[in-house]
Amino acid sequence: MVLLAISRPSLASEATGNGTEHTITTLPIVIWKWEEIHFPYLVALWVLVSWLCKLVFQLNPCLTRVIPESGLLICIGWVLGGIIYGADKVQTFRLQPFTFFFYLLPQIVLDAGYSMPNKLFFGNLGAILVYAVIGTCWNAATLGLALWGCWLGGAMGNIDTGLLQLLLFGSLIAAVDPVAVIAVFEEVHVNEVLYILVFGESLLNDGVTVVLFNVFDAFVSLGGAQIDAVEIIKGIISFFVVAVGGSLVGVVFALLISLLTRCTKNIQIIEPGFIFVLGYLSYLTAEMLSLSAILSCTFCGVCCQKYINANMDERSVSTVRSTMKVFANGSETIIFVFLGISAIDPSIWVWNTAFILLTLLFIFVFRFIGVFLLTWILNQYRLVPLDFIDQLVMGYGGLRGAVAYGLVLLLDENKYKEKKLMISTTLIVVYFTVMLQGITMKPLVTWLKVKRAAVSERTLAEKIQNRTFDHMLVAIEDISGQIGDNYMRDKWNNFEEKWLYWLLMTPIARKSCDPIFNIFHKLNIKDATSYVKEGERRGSLAFVRNENKADVDFNKKFGADFSEMIRDSVPSVCLDMHEQDLKMRESEDFDAHHLLQQHLYKGRKQHRHRYSRKQLEVNKDEHEVQEIFQRTMRSRLESFKSAKMGVAPPKKISKHLKKDQPQKVREACTFSSFPLVFITIFLEFSEGDSASGYEAAGGSFPMRAYRGAGIVNPAFMAEMDTMDPMPPMQQIPSWLAETEVDSSNMVPSQRAQLRLPWTPSNLRRLAPLCLSTHSNDSFLLADSPATQEGISELPPPPPPQDGQGQGTHK
Amino acid sequence: MGSTNSTLSKIPNVEELMEETGFTPAHIVRLYDRFEALDKEKTGHLRPQDFGAINRLAMNPIGDRIIGAFFSPGQETVDFHSFVRILAHFRPADKKHPKDPSMPEPVNSRTSKLKFAFQLYDQDKDGKISRAELLQVLRSMLEMQVTEEQLESIADRTIQEADLDNDDAISFEEFRKVPLGRARRLTYQHGPLQHSAPRILSQPHRK
């Protein structure tokens, strides 16, 4: 992109300082120093004002539900612009392209890359590229040509433009804008695939936009006569160079960041800073080389997230995440406010109804045509076709935004006589898409789905049935076809494990890259913090140590919302035995419907759109999924044990991460890694906020790591002492080796103790949280009736799988 | 496609299979690839632990039951044909074939899907869903905060609602009669390369 000198606005009405110019005659006590500091002061003030705007309309929640935030910010921008204009009679503050492209955009893109769900992104990369490249070219070409046709036909009156200029205009307005897409789709929860397609497209089409912009700009400079085949071929080549080059720059910087974080163990204080600086440098470097800066920044974030999240200390990771969100959100706010302000400036407005209306029309129409066409082609090759509704939403979601505005401001007035017209049109288009399409997006999405919804479930049986079917379908889908076993993906995973981990991650990180360990670790931390919280709430941590009266009230833990609603009818989850008995009597007539509503596990397809810009995580889904997982594993263990009780302890428990020990795994007897894997996975697993997904892996690691790990959960350390230090590969979880109650020394997770069903009927399960050497694992208590049932009914116990192929990284 | 044909030739009795299940050759090939990918030890059969290797199934509250449903009673393994037959229940419906009442039910009819679901509940295969079986399913589908009493109550009420002949169990006929309120397309999207959440595109189903 062409750099323009900043034309810094200066306030016309400011008071001029007097200190520096006159010789002083007496000691001034206080000087008015506006002149010196006015620039940073204004910047800070504007940032503050923009962010305050966000606060202002949050006060009125019904407004935000209807109009997307971005729209509201633009409106406030109009108001502010009006005020300033009224005061100064000239628009002193505008969104300067340089400021936009170099100070406001990079962090948004970096944040987008860093929090990109990688699995989804790379899984759909083909489709994304098709939409980004071919779709944008199509949009640009058709728009330019259509406008040219109309111009030739005289519909626009007398404007001084030509085919190339119109093509240029087409190219800059054709691109779907990442900022606008994020802003609007954030609030509309569409399914993951749809989201990633639109979002990915908006990011990757920068490559095309840059190329087209430069190419047409150059063509306009050269003049129409000079364009021959050579130039056109050069244009095509430049596309590849720009796009691929930009991405490579990003990847290089990602490598740099990863390597750097490998060494920054001792400077954890400023470790997070490196990410930002290097991310920004990747943007600037690509810009310097006239490659695509957005692509560079995106790929930098995308490629490095896994490694830096593993390498850095947790606090650094959360610092990075939070700070990125602050920057990105803040920039977005500022951008939209200034988009509004910039409009209140009569000097830029040139109104040509035909041009504007035609542009709007063509954008819309050609976007839809493009989407439908491309999707039709893609659906031939895609194994999960995109259906009509998704295509509609995708077409409708082609929002234009600030990037187009920034680009149009970069045009040279002398070459483009109609620059003002283009600016005006761009602004109108941006407003139209952001506000109108933004406002109607949510209702549209809801309407398209609601239209087909039938009567709500009236009976319990229906509800249960429906939910069963949900789960069933999801399961069948998983069984029949899933990303995991893709050849390419396996190859990449192997390569990654072999080389990249070694290169880019610290040794500790490499070990703990094992997701089981990660989970285990997180679990312990969570347990510890929740205990402390509970203790503080109750005034002291003494309850933790009280063996007899386990009356920790876990009501709070599981969400106050539902408990408030059903508090009277459903007994709260209180472990106080006496209270419990009484309450049970009263609760005979609770609302079964309500219960089902609240407590049925949602099917996976209802977990939508976790990739939120405004929130850092979505906890509820993870919770549920973890719980299901735990239970599945427990029940598998159950069935396994019940079938193989009394048999000699397994020879080989561990599951090997490295591929170079396949033989051992193969020879593993039937008692090998399976139950251990599941016991340890038992605890929890996370979908991976860094999108690394669940990977079944190392059985023995958590054991070993638990001992050696720095995470010491003091309340539970007592359990550890009794554990024998067995060689890692042969560590047998004691509840596997013996089926007796007293065997377990090592409890995989205190959470497991907590999470066991809190039914008052089985008091033994509700043993206190620590210090007992009993196993509190209810499934070891063979006398419990519920589990007996469970044992007999489960499918034939699955003997353990060999660990080999578990590199199914999703 | 060349690779399709070569893969197809590896599968014994593939025409019969296609005829029976209605899958296209491309589908069969994909399923075969999937089968082979799951069958890590290349025995030609799948065992329960091969299914267990599918991580996402562990996230499914009734995942294990579904795995069980693939295995006929008494069998320890499932071969490719059975694999495909079961998945065929969920094949998207043919738009081309007209509904011919004299022909036997197509394998992916709504009834066969319901039968499959019924199997999930009815573990002891006596043709009825007893209260205990229902309780188990409920237990697995409800979060852990729900107490036994509540579960039992729900199970009782459900049986009350659905049980028409008052035998305290739900037979298949009664099971069928439960309307699926949110009409749903009881199919899945299959494909080894892409994975997306299935849509609930629905036209109201009439029985």
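Even glycines carry a Cβ here, placed using N, Cα and C.
Range annotated as transmembrane segment by TrEMBL, chosen from A:66-86, A:192-212, A:486-506: A:66-86. Counted over residue pairs separated by six or more positions, the transmembrane segment (A:388-409) shares fewer than 3 Cβ pairs under 8 angstroms with the transmembrane segment (A:39-60), which leaves the two as not touching. Counting Cβ pairs closer than 8 Å and at least 6 residues apart in sequence, the transmembrane segment (A:66-86) and the transmembrane segment (A:128-151) reach fewer than three and form no contact. Highlighted: of the candidate stretches A:39-60, A:128-151, A:237-260, A:326-344, A:350-376, A:237-260 has the greatest count of Cβ pairs under 8 Å to the transmembrane segment (A:280-305). Distant neighbours of the transmembrane segment (A:39-60): 8, 11, 69, 72-73, 76-77, 80, 93, 330, 333-334, 337-338; these residues of the same chain sit at least 6 beyond its ends, with a Cβ under 8 Å from one of its Cβ atoms. Comparing A:98-116, A:237-260, A:326-344, A:350-376, A:421-439 for CB pairs under 8 angstroms to the transmembrane segment (A:128-151), the maximum falls on A:350-376. Sequence-remote contacts of a segment are chain residues at least 6 beyond its ends whose Cβ falls under 8 Å from one of its Cβ atoms, and for the transmembrane segment (A:350-376) they are 130-131, 134-135, 138-139, 142-143, 146-147, 150, 155-157, 159, 173-174, 386, 391, 394-396, 398, 400, 418, 420-421, 424-425, 428-429, 432-433.
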